[in-house]
Amino acid sequence: MLKIEKRASPSKTWNWAAPIMAVALTMIVGGALFGLLGVNPFQAIAKIFYEPLFGEYAFYYRPQLMIKAAPLVLIAIGLSMGFRAGIWNIGAEGQYIMGALSGAGLALALYPMELPILLPLMVIAGALGGMLWGLIPGYLKVKFGTNEILVSLMLVYVAEQILASMALGLMKNPEGMGFPGSRNLQQYPSAHNAEIFAGSGMHWGVAAALIAVIFAYVMLTRHMFGFQLRLSGIAPRAAKFAGVDPGRMILICMGLSGALAGMAGLFEIAGPAGQVSIDFNVGYGFTAIIVAFLGRLNPIGILLAGLLLAITYVGGEITQSQMGLPLAAIQLFQGMLLFFLLAMDMLTNYRFRRSTKEAV
Amino acid sequence: MKLIKSLATAALALGVASAAMAEDKTKVGFVFVGPVGDGGWTYEHNQGRLAVEAEFGDKVETVFVESVPEGADSERVMTQMALEGADLIFTTSFGYMDPTINVASKFPNVKFEHATGYKRADNVSTYSARFYEGRAVQGLIAGNITKSNIIGYIGSFPIPEVIRGINSAYIQAKKVNPDVEFKIVWAYTWFDPAKEADAAKALIEQGADVILQHTDSTAPQAAAAEAGNVYTFGQASDMAEYAPMPRVSSIIDNWAPYYIERTKAVMDGTWTSTDTWAGIGAGMVGIGEITDAVPADVKEAALALKAAIASGDVHPFTGPLNKQDGSAWLAEGEVADDGTLAGLNFYVEGITGEIPQ
C-alpha cells in the first residue's frame, strides 16, 4: 500500500519538476482529448507549440507572443510579491481597468495637444490609478480587518461598471456617431504606445515587463524587502519579531501589485487595444494569477510561464482556424495546465511511501 | 542585425502571402464574437459560412475562429487569416471595426466585410440588417398578447442598433395597446447565458409577461419556460426548440445570400467596397413562424405588417413621433432617414428610463 506523508521541508527538485511534469501531462491528456474530437493529436499539439515560434508566419507570431505575454508577466510579477507574503490580491483585473482609464483619461482630456512627455505622464497616471484601486482593499484590511480576497474581487465588478460608464459617457468619442467607445489612441501620436521598433512587437509595455522581472529578481534575492516578504509568508510571527510591520507590508504589496496592473492596463489601452470600450478587459488580471503560480512566484519562472500561456493562446487560435478545433477544447487544454500543476504541487510538500503491514 | 534580418524575412513572407492568394481556391475567413453553438447571432453567421461551402463546394475553403474578444486579439486573428491566404474575411461584430480597418490597411489585396459598423475603406465593406423591421412585428404581437401590460426588454449594449430595436418595438406595441409599458435591462454582453437568465428573471419578477431580447443565448427562453405564462421571441436565430411556448415568434438573421453573393464577387473579381443595409424585403431579416399561442387575428395583423414593411408601404419609423423629452422628431407622415437611424441615440416619447450614458 502507498501512504502519503508530509515532507519535512518542501522538495527542491519537485518544486521545479512540477511545472515540467504538468506541461507533459497536459500534452498527454490534452492530446487524448483532441484525438477523441477526431483531430490528429500530435499534429494539433505540434501546431499549438511549434507554429507560433517556428512556423511559416512565425515572424508575425513571435512579436504577438510578446504583446500577449507582456501584460500577463507585468501583472503576475506584482501579484507574486503579495502571494509570497500571504497577501491575496485577486482583483488585478480591476486595477488593470482603473490604470487604463486613468492614463487614457489624461490623454483624452489633452487631445489633440501634441506633448512629447504625454506617454510617460500617462504611464504614471496609469500606475497611480491601479495603485489607488489596489490600496482600497489593502487599507480596509489594515484598518478594519476585512478580507482582501473578497474586497479586491468585488472591486473588479465596480471597475467594470465604471469602464462601461466611461465608454458610454465621459470618454465617448464625440465623432463616433453615438456608438460607445473612446477615440482611438493609436491615432493620437503623443499618446500612442507604439512599437519601439516597427514590427518587433516591442512596445513600452514589453520593455516594462522585462524591467519588472529583473527588478523583482534583484529585490527578492538581494534586498532586505525581499527577505521580509518571504519571511512574512513563511512565518508571520517571526517576521513580526524581526520588526516587519504587517500593515505596512499589506499596503506595500497591494499598492505595488495594483500599480503594475495599472501600468499593464495603460500600455494595453494606449497600444494594442487603442480605445476605451465596454469590454476592454479580457481577463489578463485573472490569467496572471495562473501565470504567477505556474512560474512558482519566481520572476524568471513568471516570464517563462507568461510566454507559455501566450503560446497556448496564439497557437490555440492557429489550431482553431487551421484544424477546426473548437475553442472549448483549447480552453480545456489551458485549464488542464493549472489543474495538473496544482496536482503535481502536492509532490513538492508530500511524498508517497510504501507502508508495510507492521507499520499499521 | 537580427532585427533587420527578421524584418527582411517579414517583407519576404508578406510577398509570399500575396502570391499564395493567386491559387484558384478562394479562401474565406470568418471571425466570430461568440461560440458557433450560441444558438443565436454567431450560429446564424456560421450557417451563412456553411451555405458558402455548400454553394461553391471545392472552389472555396472557409476557416473560422470563434469567441474572439473585440480589440487587440481580433486584430491578431484577422492578420493570421490574411497571412494564411484568405481572400475575403467577414468580421462579424461591431467591436471589430477599428481592428478590421487596421488589418485591411496592411493587406490591400484582401477584401474585408465588417458587420454593423460604419468605417469603410477601398477593401472594407460594411453590412448590416434592418433588424428594427422585425422588431416592429414583435412589438405588434407583444402589445396584443401582454396581460400585465408590462413588456420586458433585455438590451445588450446601449448602441444605436439596440436602441432602434427598442423604439421600433415600442412604437408598434403602443399603437395596439396604449397602456403598454417597457422595462429595459442592460446586460452589457452579447452572449452570457447566466447574465441573460438573471435579467429575464428580474423582468418577470417585475411583472413582465412578454420578454424581448437583444442578446444571443436561449437562456431567457429557458427562464420564461420555467416561469410559465411568459412569452418570448427568438433572437437572431429561430430558437424553435422553445416553440410554441414561450417562444411565439422570432427574428432570424439570414446572412447566407449575402455571404454567397460577396464570395462570388471576389471569385469573379467584381468585388467593390459597399455599404449594405437590407431588411425583410431583401430576405436578410426573417420572421420565424408565429405559433398558435398567438390569437389568429393578431397573427394575421403581424403578417400584414410584415408584408407591408417588406413591400416598402410601411416604414416602422413614421411620424408623428416625439422624442422621449417631448420635443418633436418626425412630423405627420414623415419617415426617419437612414442617417438618423444609423446613429439613433434617444428613446421615443413614452419609454421610461434613461439610456445609460
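Cβ atoms are placed via backbone N, Cα and C, with glycine included.
According to TrEMBL, the transmembrane segment annotation covers A:20-45 (among others).
Within the chain, the transmembrane segment (A:65-83) has long-range Cβ neighbours (under 8 A, six or more residues past its boundaries) at 52-53, 89, 92, 96, 201-203, 205-206, 208-209, 212-213, 216, 229, 233, 253-254, 256-261, 263-265, 267-268, 271-272, 284-285, 287-289, 291-293, 295, 297-299, 302-303, 305-307, 309-311, 313-314. The transmembrane segment annotation in TrEMBL covers A:65-83 (among others).
Outside the transmembrane segment (A:117-137), and at least 6 residues removed from its termini, the chain residues within Cβ reach (under 8 Å) are 89, 91, 94-96, 98-107, 110, 146, 148, 151-152, 155, 159, 190-193, 204, 208, 251, 254-263, 265-267, 270. Residues annotated as transmembrane segment in TrEMBL: A:117-137 (among others).
Feature annotation from TrEMBL assigns transmembrane segment to A:149-171 (among others).
Summarising the annotation, TrEMBL assigns transmembrane segment to A:202-220 (among others).
Among the features that TrEMBL reports, transmembrane segment is placed at A:249-267 (among others). Below 8 angstroms of C-beta separation, residues 70-71, 74-75, 77-79, 81-82, 85, 87, 89, 92-93, 95-104, 122-123, 125-135, 137-139, 141-142, 148, 152, 193, 203-205, 208-209, 212, 225, 228-229, 232, 239, 281, 284-285, 288 of the same chain, each at least six residues beyond the ends of the transmembrane segment (A:249-267), sit close to that stretch.
Within the chain carrying the transmembrane segment (A:300-316), a Cβ under 8 angstroms from the stretch's Cβ atoms is held by residues 19, 23, 47-53, 61, 64-66, 68-70, 72-73, 76-77, 80, 209-210, 213, 217, 287, 290-292, 294, 325, 327, 330, 333-334, 337, all 6 or more beyond its ends. Taken from TrEMBL, the feature transmembrane segment applies to A:300-316 (among others).
According to TrEMBL, the transmembrane segment annotation covers A:328-347 (among others). For the transmembrane segment (A:328-347), same-chain residues at least 6 beyond its ends with a Cβ under 8 Å from one of its own Cβ atoms are 11, 14, 17-19, 21-23, 25-26, 29-30, 33-34, 37, 48, 290, 293-294, 308-309, 312-313, 316, 319-320.
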Contacting positions for the transmembrane segment (A:202-220) when only residues 6+ beyond its ends and CB under 8 Å are counted: 63, 66-67, 69-71, 73-74, 77-78, 80-81, 84, 119, 123, 193-196, 226, 229-230, 260, 263-264, 267-268, 271-272, 298-300, 302-303, 306
